[in-house]
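What follows is one structure encoded as structure tokens, with my remarks underneath.
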Amino acid sequence: GIPCGESCVFIPCITSVAGCSCKSKVCYRN
């Protein structure tokens, strides 16, 4: 539930390596 400061509209979350995932076009972690 914490925004990672990255959007995932056009590309996947680069921050996924830090545990972030795409939700509603924004990368979140927990």
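Count begins at 1; order follows the chain as displayed.
A Cβ is built for glycine as well, from the same backbone N, Cα and C atoms used for every other residue.
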Of the listed cysteines C13, C20, which one does Swiss-Prot record as disulfide-linked to C4?
C20
Between the disulfide-bonded residues C13, C22, C27, which lies closest to C4 (disulfide bond), Cα to Cα?
C27
Helix, strand or coil for C4 (disulfide bond)? Use DSSP.
strand
